[in-house]
Amino acid sequence: MLSMDPSQETNIIDQATSDQKYDHHHHRHSNSANPFAQMIQQPFQWLQMLSSELNPTFVLGVVIVYGLSQGFSGSYFRVVADFYWKDVQKVQPSVVQLYVGLYYIPWVMKPIWGILTDVFPVQGYRRRPYFVLAGLTGIISALMVALSDSLAAAVALTCLIGVMASVAIADVTIDACIARNSIEIRWLASDLQSLCGFCSSAGALVGYSTSGFFVHHLGAQGALGLLAIPPVFLTVLGFVIYEEGSTSLRSVKKKVVEEVGVAIRGMYRTIKCPQVWKPSLYMYLSLTLSISTHEGQFYWYTDPTAGPAFSQEFVGMIYAVSAMASIVGVLIYHKTLKDYPFRNLLFFAQLLYAISGMLDLTFILRWNLILGIPDYFFVIMEECVSRIVSRIRWMPMIVLSTRLCPLGIEGTFFALLMCIDSLGSLSSKWGGGVVLHALNVTRTDFTNLWLVILIRNMLRFSTLALIFLVPKADQFDVLIPSDLLTKNSAVSGVDDESLELVPMKEKIEV
């Protein structure tokens, strides 16, 4: 590694990336003879730009992990698993809410996966083996729950957690790559999150669109078997993604112990900084305070007496349309909001999030019928608004997380931040389950469901009081002290053994 003053190195990289950004921007706008053709070509030009700045197999990895694994599997799993617990296992909604909270265990363990991918190479590779591990875990878990008859609830829950573990391991592996790129090529940070958002939303659209169809024709348990397909692609990705193997086999055990110590000390040193722990606390509390009422609403959606009695196919279509709305949310963020300061953007996003929750209350109380709005139309409108606002709220929080990661332990620390988010989601699920149980919302009694949703909405409004924890900085600013950006990088020794993430032009200039 070249010895260079950190400020000089940053200036050189910033100048190179600024020149590249200007050249690409100038070329793109000089070709605007046909606006319609330009609109069609722009996404492909954008992908081409990302592939030229980064390794193409890395971009492929983002598409597979976020589009197929997280997007498709996550959305398909959400609908099919809900029908599985309701129709096959016949569990109460408050209990399902607690089970769903356990799905987050693999996500809470993301720092462990992060440490493994950062400092435990297998045959000299840090990323490839973990994509293979993720794939095999998903294949085995999905096939077990789909092909085994009369599974006990505990065994079925273990298999479903295994499916989520597959998604989580692949996610933390690709996130390490994304975090490193976001640090080294700051002007691409928002573009990378937009790519992740687009892939995730497109995959979710396919997953939601097909989930109801397969539940209707294969049954909930049989439909779970299709979740074995995305892990196959993760396994293949482990063999095709470009990664430079270790050039040295020196004292592997000693090196691993040293690097684990470096990673833990680096995480502790970083999380102590007010610039880091304050926004991390905000992200956790904003998720926790928005308690989840999903299972209660899902049971009500499909109830033929108290609810609108939506069919399996229509439930899938509701979420499919909301996934399209999620893409709109990504577009809105990417085109108009990525230059706003974090605090201003998150304040107004949280305010809209709280206001949009009132649409759920309107639907549960059936005020839409009083206004002459049919259930089918109103629920789609409500889901679209909710998903757009949720995506606009979520995107800057992910960008903020990437800005808080120090070099050298970026995979581990980003995993820690995502673990904090997962703990927030778990707390949200369990908090919602407790409230549903306390107010006696069951499989057939939805009398107090409106009160649960009202409590959730009031908690969303209360989150606005915590906005002071979010920095006022712009989304392209460096948020953590410069010494943290260099200390961990200097001692971890990961630069020569990690995935090829730095553009070749920049590497040559540096």
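Here, residue 1 is simply the first one shown, and the rest follow in order.
Each Cβ is built from the backbone N, Cα and C atoms, and glycine gets one as well.
Please treat TrEMBL annotations as automatic predictions, because they have not gone through curation.
When Cβ-Cβ distances below 8 Å are used as the criterion, the transmembrane segment (58-79) is approached by residues 47, 50-51, 131, 134, 138, 160, 163-164, 166-167, 170-171, 173-174, 177-178, 181, 192, 195-196, 199-208, 210-212, 215, 224, 226-227, 230-231, 233-234, 237, 240-242, 315-316, 319, 323, 499-501 of the same chain, each at least six residues removed from its ends. Summarising the annotation, TrEMBL assigns transmembrane segment to 58-79 (among others).
Summarising the annotation, TrEMBL assigns transmembrane segment to 91-109 (among others). Within the chain carrying the transmembrane segment (91-109), a Cβ under 8 angstroms from the stretch's Cβ atoms is held by residues 81-82, 85, 153, 157, 160-161, 164-165, 167-169, 292, 294-296, 298-299, 418-419, 421-423, 425-426, 429-430, 432-434, 436-437, 441-443, all 6 or more beyond its ends.
Summarising the annotation, TrEMBL assigns transmembrane segment to 130-147 (among others).
Note on the transmembrane segment (153-174): residues 61-62, 65-66, 69-70, 73-74, 77, 81, 84, 89, 91, 99, 102-107, 109-110, 113-114, 117, 127, 130-131, 133-135, 137-142, 144-145, 227, 231, 234, 411, 414-415, 418 of its chain, located 6 or more positions outside it, place their CB under 8 angstroms from a CB of the stretch. Taken from TrEMBL, the feature transmembrane segment applies to 153-174 (among others).
Residues annotated as transmembrane segment in TrEMBL: 195-216 (among others).
What TrEMBL records for 222-242 (among others) is transmembrane segment.
Annotated transmembrane segment per TrEMBL: 281-302 (among others), in sequence order.
According to TrEMBL, the transmembrane segment annotation covers 314-333 (among others). Outside the transmembrane segment (314-333), and at least 6 residues removed from its termini, the chain residues within Cβ reach (under 8 Å) are 75, 78-79, 194, 197-198, 200-202, 204-205, 207-213, 215, 298, 301-302, 376, 379-380, 383-392, 395-396.
Sequence annotations record features per position, and here TrEMBL assigns transmembrane segment to 345-367 (among others). Within the chain carrying the transmembrane segment (345-367), a Cβ under 8 angstroms from the stretch's Cβ atoms is held by residues 282, 286, 290, 293, 297, 300, 337, 375, 378-379, 381-382, 385-386, 389-390, 392-393, 396-397, 446, 449-450, 453-454, 456-457, 460-461, 463-464, 467, 470, all 6 or more beyond its ends.
Long-range contacts of the transmembrane segment (130-147) within its own chain (CB-CB distance under 8 A, at least 6 residues past either end) are made by residues 61, 69, 73, 113, 116-117, 156, 159-163, 165-170, 173, 221-228, 230-239, 241.
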